[in-house]
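Features of the protein shown, as given by TrEMBL:
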DOMAIN    158-471  domain 'Na+/H+ antiporter NhaC-like C-terminal'
TRANSMEM  28-52  transmembrane segment
TRANSMEM  64-81  transmembrane segment
TRANSMEM  109-129  transmembrane segment
TRANSMEM  149-175  transmembrane segment
TRANSMEM  195-212  transmembrane segment
TRANSMEM  261-280  transmembrane segment
TRANSMEM  292-310  transmembrane segment
TRANSMEM  322-343  transmembrane segment
TRANSMEM  363-383  transmembrane segment
TRANSMEM  454-472  transmembrane segment
Amino acid sequence: MEFGFLSILPPLLTIVLAIITKNVFISLFIGVFLGFCVIDGFHIISALNATLNGFITTFESHSNTIVIASILMIGALIYIIERSGGIEGFVEIMVRKKGVIRSKRAANIFTWLVGVLVFTSGSLSCLVVGSVTRPVNDAMRVSHEKSAFLVHATSTPVCVLLPLSGWGAAMIGYLTSGGVEESRAATLLVQSIPLNFYCMLAVLGSLLLCLLRKDFGPLKAAELRADTTGELDSPSSATSLDEVSDDKSYLDTDRPLARNMLIPIAVLILGVLVVLTVTGSGNPLDGNGMNALLWGVFLALVASGILCITQKIYNLSQFIDVAFKGASGMLSIAMILIFGFTMGGVVSQLGTGLYLCSIFEQFLSPSLLPVLVFLMACLISFATGTSMGTMAITSVICLPMALQLGVDIPLVAGAVWGGSIFGDHCSPISDTTIMTCSTTGCNIIDHIKTQFPYCLAFAVLSIIFYLFLGFIM
């Protein structure tokens with residue numbers, strides 16, 4: 001059955017509501033409900049029943065269930081590494097014992113390096129990197145605005161460029177919910193990484209600024225103020241969030257060891273590569289990405305458990321309790337995925353992608369689709385402050401169009417990823433913005449004002465790349 005114009009109402013309403021309410025959960029729920037209303041001929045009770053069942057039947061998909069399980073396990077692993085002193089131990093070696101940080105440039109590079117190393121979670125990166133590098137940056141008179149910029153630039157962008165965590169599972173899930181075959185999803189995700197121009201520019205651009213110290217705009221003024229007066233914050237604005245203390249009470253050990261972070265992360269990476277190679281008959285790119293991630297995280301949890309128990313940080317029962325507490329921190333992301341998977345099924349039943357293609361292919365050159373997808377994702381993510389939610393919304397709309405129009409899928413996927421991260425960087429309501437400012441001691445408005453020129457420059461360059469590649473790929 002063809003639904004015509006009605007097929008675009010659910011995703012359109014979802015986008016509008018996401019912008020107005022800034023709440024992805026409510027927006028996706030209402031969008032799914034409207035979709036089932038259209039499918040069921042606007043029988044409200046039947047549509048509501050279909051909506052509730054739709055969320056439940058998400059778990060009938062083997063791939064969906066693996067994605068959700070992997071994300072919860074990642075949450076457990078991250079929390080255990082933090083509480084067992086792995087991150088604190090790493091910083092102890094780098095800064096306090098070896099004394100390798102002796103200049104402002106070295107402090108900037110150290111912040112960038114720690115941000116790149118903590119690639120398992122954007123939120124964790126903001127919290128950990130900001131907290132552990134702040135004493136060093138403050139001692140070297142790095143302005144809080146510059147610290148916040150470096151912490152934020154190496155948080156979520158690195159997670160997306162190194163998708164060996166829950167982000168990888170989620171992104172594979174978004175590809176499959178957008179119509180990509182499960183067997184090709186992992187390969188296409190890898191191919192989309194170098195086409196995620198915004199994130200690459202954010203990470204490499206911030207490194208270049210660390211090396212050259214050639215700041216511009218409001219950030220240059222902030223650094224000049226810190227150099228000349230020693231004031232790390234703007235005198236006109238008080239820090240909007242609580243100052244971060246040196247309290248280490250969150251640790252469950254009085255002897256932090258770097259290996260409690262390095263060994264589980266190494267096991268995770270090695271486990272993923274081994275399973276990819278085995279399931280891909282010797283070729284990692286042909287392997288089953290979701291199974292690889294599931295096994296990698298599981299093995300990393302086992303390694304972390306062995307370390308914690310042998311060091312007598314936890315007994316087995318305590319380790320399990322801490323793991324469950326860490327997993328609970330990922331419930332919101334898991335719920336966004338469940339809602340997004342359900343929306344993907346609704347859009348598929350409605351034939352939204354086919355209908356949009358039938359309209360736009362008459363007026364829109366397929367060559368323009370990548371740049372339009374990037375701009376759409378930028379707008380939604382900036383308005384909602386969520387990168388995960390934006391990916392969930394835009395992937396189920398734009399990927400089916402790309403498939404129908406014959407546009408390069410990795411290019412469009414890269415545009416979805418990059419545009420979604422743009423808003424995560426620039427929006428004052430983004431969770432990573434708030435966490436970054438909390439741990440670096442930077443005022444939220446000062447952070448947005450000083451970071452936005454860089455984000456805008458990265459976005460403009462990305463638009464140019466997508467326009468160029470849209471016509472040649």
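Every residue, even glycine, has its Cβ placed from backbone N, Cα and C.
Same-chain neighbours of the transmembrane segment (28-52): 3, 6-7, 9-11, 13-14, 17, 336, 339-340, 342-343, 346-347, 349-350, 389, 392-393, counting only residues six or more beyond its ends whose CB sits under 8 Å from a CB of the stretch. Note on the domain 'Na+/H+ antiporter NhaC-like C-terminal' (158-471): its mean pLDDT in the predicted model is 84. The stretches the transmembrane segment (64-81) and the transmembrane segment (292-310) meet in space: the count of Cβ pairs below 8 angstroms, excluding pairs fewer than 6 apart in sequence, reaches at least three. Nonlocal intrachain contacts for the transmembrane segment (261-280), taken as residues 6+ away from its ends with a CB within less than 8 angstroms of a stretch CB, comprise 77, 80-81, 86-87, 89-90, 120, 164-165, 186, 286-289, 291-293, 295-304, 307. With a cut-off of 8 Å between Cβ atoms, the residues of this chain six or more beyond the transmembrane segment (363-383) that come close are 15, 18-19, 22, 198, 389-391, 393-394, 398, 401-402, 405-408, 411-412, 414-416, 418-424, 426-427, 459, 462-463, 466-467, 469-471.
Listed by sequence, the residues of this chain that lie at least six past the ends of the transmembrane segment (292-310) yet keep a Cβ under 8 A from its Cβ atoms are 66, 69-70, 73-74, 76-77, 80-81, 84, 164-165, 168-169, 186, 259-260, 263-265, 267-273, 275-276, 279, 316, 319, 323.
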